[in-house]
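Written below as structure tokens is the structure these notes are about.
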């Protein structure tokens, strides 16, 4: 886990250092659809270009196939991540392309059809509540409980890039309005 | 409820027309704290100025008093709002300062201590799940279920301006990254 000091200095430099994915000798990344391995920074950044929208739409098509996502590898701990909270239902880890000094992704460990919030059914209400409560626990652990934003992207127009429901928890800086 | 056509033409003109609050002859607005009647467009817009941060901090102080918010008047239907979804636990209505062609606010009808997500306790998990599921229902009703973003602001750094937990559901345009 990154220390508060290193996170702060990284934010002050105004850019981020995504952790490298492990090389293919240890994990067969070829089995994951290429669009899911594309760094999010190339998608939906500021004014979304035609190319970015095409990429997001491609990811959406993969979603409908029920294909595994990079989150399956993170849950299985086959790809390293910096986990900040975990219980029997959810996992929370640092975003590899943080958009704020603190930027955590919270996911259900079992996708159960929840490729995105728009697929939620009544039976999912319990895990949805658990995810939001976990977001609050994460904010407490990260020392941002007095100032944080939770964001859920659904579909290409909202810049969703991984089709496994996830909540972004952002904080540690003044967030702006509108939210994207 | 606004028709799709009127919403679209409003969006094309590139600016919004907040609905006026009712005048004081029908509702005693003087009983609400002044900070809660301040239009949100003056707070946390793009780069947050010192003044904006002061205003947000003032609203946060009112929250801790347990004072009523403008949402109490909306729930009681003492202030008109354009309701798009309602059940026994939640109410969803159009934001008076929309940041997208579709911008709905979803709130619990009973605040029960949830001035903000950061105050959530284990007992709130059920209503949190209901709120997120209601956000999905709202997206379906509004025709944006394939592309929408849910945002929860917590505290002045996230531009929270009403201290009654609420989810923003935004869609109808390409949303950007980062989310504010």
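Residue numbering: from 1, along the chain as shown.
Each Cβ is built from the backbone N, Cα and C atoms, and glycine gets one as well.
Some features that TrEMBL has for this protein:
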DOMAIN    B:70-180  domain 'HIT'
MOTIF     B:164-168  motif 'Histidine triad motif'
ACT_SITE  B:166  active site, tele-AMP-histidine intermediate
For the motif 'Histidine triad motif' (B:164-168), distant same-chain residues with Cβ under 8 A (at least six beyond the ends): 69, 71-72, 95, 99, 103-108, 111, 114-117, 119-120, 131-132, 135, 149-153
Integer average pLDDT (0 to 100) for the domain 'HIT' (B:70-180): 97
Composition by DSSP (helix, strand, coil) of residues within the domain 'HIT' (B:70-180): 32 helix, 29 strand, 50 coil
List of residues, in chain order, with Cβ under 8 A from that of the residue listed as 'active site, tele-AMP-histidine intermediate' and at least 6 apart: B:71, B:105, B:106, B:107, B:152
